[in-house]
Amino acid sequence: MHFPLLGGITPILMAKDSLLSILYISNDAPEPWQIGFQDEASPIMEGIVELHDSILFYLIVILVLINYINDKNNIDENLNFDSYMTPTSDLEPGQLRLLEVDNRMVVPVDTHIRIITTGGDVIHSFAVPSLGLKIDALPGRLNQTSTYIQREELCGVWHGFMPIVVEAVQTEDYLSWLSEQIDNSPL
Amino acid sequence: MSDSEQAKFNVKTVGFDARFPNTNQSKHCWQNYVDYQKCIAVKGEDYAPCLQFFRAYQSLCPSDWVSTSKWDEQLEDGTNPSDLST
């Protein structure tokens, strides 16, 4: 490439830059109340400006999207229930003595579940061997742990005549259990 | 199960709070209870953002601590030791 008007400029520079950028000379200096960068004049500064522009672009897109997410939940409802061991005299054939409870703790699978334990009277322990879960339950203190159950299952533990039965079910079954419980609750 | 039934529920709990990263969540529960009381004292019970604190302490606190016997009753009696000044 060769331009008669710009005979003094080397062909290397001309091949790299477009005609437009050669025709004006950048003589940049800070201005009062300047917001952006000054025009870049080296590959390093070009990279910095490029990074800055990309980050801001995606940042703004994400922030706008987040602001659109609206919380429409209005009804707050809690579910309380007791779970006691089924007495031996009430057992059905096939049920495990000292292990069955009247109300199982039903939880959804493939979901992170927060478990908070505390004690009402003395120190207890919440333990479910097949989940690898064992956490102290102390009066006046809330101990937190979490679990993630990967398949539908039934697991329980016998611990000083206080069995725990955890029933992990699919989300749909969990929701129907929830609605059943709420419909049946005395509140 | 129908979609309408699924839409009925929005099963939620409060998220992680960097102020309370430990196993012991007692203060997490208590702080949200106090913040809710302060919030409704200033903005009124109908102010929607206060519900954030409400949901948090409802998720974290044992009902024994809050409604059944303790904190709510103490508030009514004026014997709740928490600093609720705003």
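Glycine is no exception: its Cβ is also placed from the backbone N, Cα and C atoms.
Here the Cβ of B:Cys29 (disulfide bond) has 24 other Cβ atoms within 10 Å, regardless of which shown protein chain they belong to. The disulfide bond annotation in TrEMBL covers B:Cys29-B:Cys61 (among others).
DSSP assigns B:Cys39 (disulfide bond) to a helical segment in the three-state reduction. Counting only residues at least six positions away in the same chain, the Cβ atoms of B:Tyr47, B:Pro49, B:Cys50, B:Phe53 sit under 8 Å from the Cβ of B:Cys39 (disulfide bond). Annotation source TrEMBL lists disulfide bond at B:Cys39-B:Cys50 (among others).
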Three-state secondary structure, which DSSP defines for B:Cys61 (disulfide bond): coil
Candidate with the highest Cβ count within 10 Å, taken from the disulfide-bonded residues B:Cys50, B:Cys61: B:Cys61
